[in-house]
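Have a look at the structure that comes next, please.
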């Protein structure tokens, strides 16, 4: 897929901005706090209807405006698609070819992106919540049903947690209602888990191959899903639901005491190991960075496998930080197949091959010029 253009209105420090793109690499050059990261972020938001930097849409809207709009014409293998996302303080409006989508889950996936930013090291060394968010965002790009299940799971989870609090405070004694929530939550949990198991397995296959190449065969990367429940990938759906229901019963008293659901996808994690060593805890910064790069490059291949075409790649202030070997591997992965947007403070440290292929955009105080 290929972004033919990008138009922003009232997005962060861009009052208005309109660009056209040609060629495989788009290079955004500027000092810090000028808006180059905002430009890349807007593409991510257009694709996923949420930012990787903040959960608050209000921060994406210019301080003196009531709304922000992102538009782009995206070339897919089946033709051109016009995407438009409007952000307001009250919600989002998403359009595909001028038709408003009633649910964001029907919109997400029209454009697939992979973002690699300095904060993506949190995939390796951050908190479990950051890795859960990574899983949810990446599966959601290629599976609208996953987003639907996740949304429903979170709604039922909130209702169940409220009932557990009421039971703890003696405001309710309805164990029958708890059983109803258990049944609904178990069914949704199993649907999410089956998708997550499959995702981690496929991601590991690609990441292992890439990591082995980066390290010249010295290291083997493995990913392991850390499950808070007794559900396993080998179980049938019925077996998994029964296991989840039994697990809820087993921890019921503790959950009532704490007023919170203690097991399920919202408590899960995944671990990364290099040569059977926990890279999150014991890995060097170099090993953690290489593991993160391997996962990001694996995402590119996994999306291609799932949707039949390569995603757009967003490299936010990371390309110049990669040594020549890692830059070479990245370039070999993308070649002319992956449209890539790069933000950087300067061209020093970038391979000549990158500069040869790149269209350059100079960013200063929310204005972009110097396209060539």
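Keep in mind that glycine also has a Cβ here, set from the backbone N, Cα and C atoms.
OK, Swiss-Prot features for this one:
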- 30, 31, 32, 33, 34, 35, 36, 37: ATP binding site (BINDING)
Can you count the other CB atoms that lie within 10 A of the CB of residue 34 (ATP binding site)?
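Summing over all protein chains shown, residue 34 (ATP binding site) has 21 other Cβ atoms within 10 Å.
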Enumerate the residues of the same chain, 30, 31, 32, 33, 34, 35, 36, 37 excluded, that satisfy the criterion Cβ within 8 A of the mean position of the Cβ atoms of the recorded ATP site; list them in sequence order.
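Along the chain, the qualifying residues are 38, 343, 345, 363, 364.
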Could you check the binding-site residues 30, 35 and say which one's CB has the fewest neighbouring CB atoms inside 10 Å?
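Counting other Cβ atoms within 10 Å of each of the binding-site residues 30, 35, the minimum falls on 30.
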Rank the binding-site residues 31, 32, 37 by the number of other Cβ atoms within 10 Å of each Cβ and report the first-ranked residue.
37
Around residue 33 (ATP binding site), how many other CB atoms lie within 10 A of its CB?
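Result for residue 33 (ATP binding site): 10 other Cβ atoms within 10 Å.
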